[in-house]
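Before any comments, here is the structure.
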Amino acid sequence: LSPLAMGAGFGAGLGLALASSAFIGGSFVLKKKGLLRLCGRSRAGQGGHAYLREWLWWAGLLCMGVGEAANFAAYAFAPATLVTPLGALSVLVSAVLSSIFLNEQLNIHGKIGCILSILGSSVMVIHAPQEEEVSSLESMAEKLKDPGFIVFAVCVLVSSLLLIFVAGPRYGQSNVLVYVLVCSAIGSLSVSCVKGLGIALKELFSGKPVLKEPLAWVLLVCLVICISTQINYLNKALDIFNTSVVTPIYYVLFTTAVMMCSAILFKEWQHMVLDNIIGSISGFLTIVSGIFLLHAFRDMPFTPTLLPLFLQPGRADPHPPWSSADRHQSCQHQPLLPSEDKGSQSAEEEEEE
């Protein structure tokens with residue numbers, strides 16, 4: 001691991017990221033439980049806000065707030081590419097809790113997908129790129145002025161507006177990607193705001209006059225706007241579609257967007273060696289494969305009849321297959337000889353006639 005990962009900051013960031021995944025994974029289930037209790041009232045999927053009167057939804061929002069706060073602190077202690085992949089654990093928590101409290105099926109494919117997500121996250125953490133050092137708001141301001149990041153931010157905002165005002169009214173009720181893409185794209189910008197505010201808090205605790213810096217307030221306002229947008233459209237997606245569908249797709253798209261934003265803003269991949277590049281890409285593809293298994297085959301029942309015959313319960317032969325008592329019964333080619341003889345005899349009789 002990099003020197004940053006070997007230090008105390010990595011340990012703190014890792015612990016906070018794990019706690020964040022647990023709270024965020026549970027928040028999906030609590031909010032879905034609250035949305036299901038609306039019972040025909042104005043639902044979030046149709047633009048209603050009746051869920052604001054459900055205490056379960058508020059409990060889920062509180063859990064998400066705690067998780068996001070822990071995630072906020074984790075980004076302040078460790079690079080984004082160390083913290084973001086651990087969000088796969090929130091998919092695992094959400095899938096397990098959904099199968100328990102929401103009666104959503106978690107078959108063998110989903111369990112394998114959860115394991116793959118954990119393995120892929122571990123690989124990505126091991127091969128995480130070294131983040132370029134950003135220790136002050138001045139250096140953060142210089143990075144935000146980079147032309148590459150400005151182009152990326154403009155593309156994110158334009159695409160989000162098109163999804164909200166053009167694609168949303170037409171395809172939002174039938175395509176899960178519409179609202180989830182909005183959350184993921186805006187979320188990549190919120191991570192940048194979180195990183196900058198984490199640096200501002202460090203400087204504030206060290207005695208610097210951070211409150212007089214305009215950049216800190218700009219980052220705070222942008223973060224509030226981004227989080228509000230994410231919560232709104234995530235509620236729409238959760239109300240319309242299954243939790244086990246929204247959660248993994250949101251994770252994959254959000255992780256991809258954050259990795260792109262971090263690579264552009266902090267130049268994380270610029271000084272990486274080849275084996276770490278391959279390891280990071282392989283770990284991310286492993287996570288995507290696990291999320292795909294968790295999502296694509298969630299409604300496919302895995303019954304014992306799909307197993308090989310020798311693994312099916314009650315189908316095993318109690319007698320040895322080559323015992324002398326059953327040897328004459330297990331000859332599958334024995335009936336072919338009489339049938340061939342009968343066929344040849346009938347052919348000879350037809351020739352004689």
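Positions of Cβ are set from backbone N, Cα and C atoms, glycine also.
Using a Cβ-Cβ cut-off under 8 Å and counting only residues 6 or more beyond its ends in the same chain, the transmembrane segment (6-30) has close neighbours at 56-57, 59-64, 66-68, 70-71, 73-78, 82-83, 86-94, 97-98, 101-102, 125, 238, 243, 246-247. Here TrEMBL flags 6-30 (among others) as transmembrane segment.
Under the heading transmembrane segment, TrEMBL lists 55-77 (among others). Long-range contacts of the transmembrane segment (55-77) within the same chain, counting only residues at least 6 positions beyond its ends with a Cβ under 8 Å from a Cβ of the stretch, are 9-10, 12-14, 16-17, 19-24, 26-35, 37, 83, 90, 191, 194-195, 197-199, 201-202, 227, 231.
Among the features that TrEMBL reports, transmembrane segment is placed at 83-102 (among others).
Feature annotation from TrEMBL assigns transmembrane segment to 109-128 (among others).
If you look up TrEMBL, you'll see 148-169 (among others) marked as transmembrane segment. Same-chain residues lying 6+ beyond the ends of the transmembrane segment (148-169) with a Cβ under 8 Å from its Cβ atoms: 175, 178-179, 181-182, 185-186, 188-189, 229, 233, 257, 260-261, 264-265.
As annotated by TrEMBL, transmembrane segment applies to 176-200 (among others).
Sequence-distant contacts of the transmembrane segment (215-233), counting only residues of its own chain at least 6 positions beyond either end whose CB sits under 8 Å from a CB of the stretch, comprise 61, 64, 68, 137, 140-141, 144, 160, 164, 179-180, 182-183, 186-187, 189-190, 193-194, 196-197, 200. The transmembrane segment annotation in TrEMBL covers 215-233 (among others).
The annotation transmembrane segment is assigned in TrEMBL to 245-265 (among others).
Listed as Cβ neighbours of the transmembrane segment (277-297) (distance under 8 Å, sequence separation of 6 or more from its ends, same chain) are residues 81, 85, 88, 91, 95, 107, 109-110, 112-129, 244-245, 248-249, 251-252, 255, 259, 269. Among the features that TrEMBL reports, transmembrane segment is placed at 277-297 (among others).
Marked as region 'Disordered' by TrEMBL: 317-353.
The list of residues near the transmembrane segment (176-200) in space but at least 6 beyond its ends in sequence, with Cβ under 8 angstroms from a Cβ of it, reads 71-73, 75-77, 80, 84, 134-137, 140, 144, 153, 156, 159-160, 163-164, 167-168, 210, 213, 215-216, 219-220, 222-223, 226-227, 229-230, 233-234, 236-237, 240-241, 245-246, 249-250, 253-254, 256-258, 260-262, 265.
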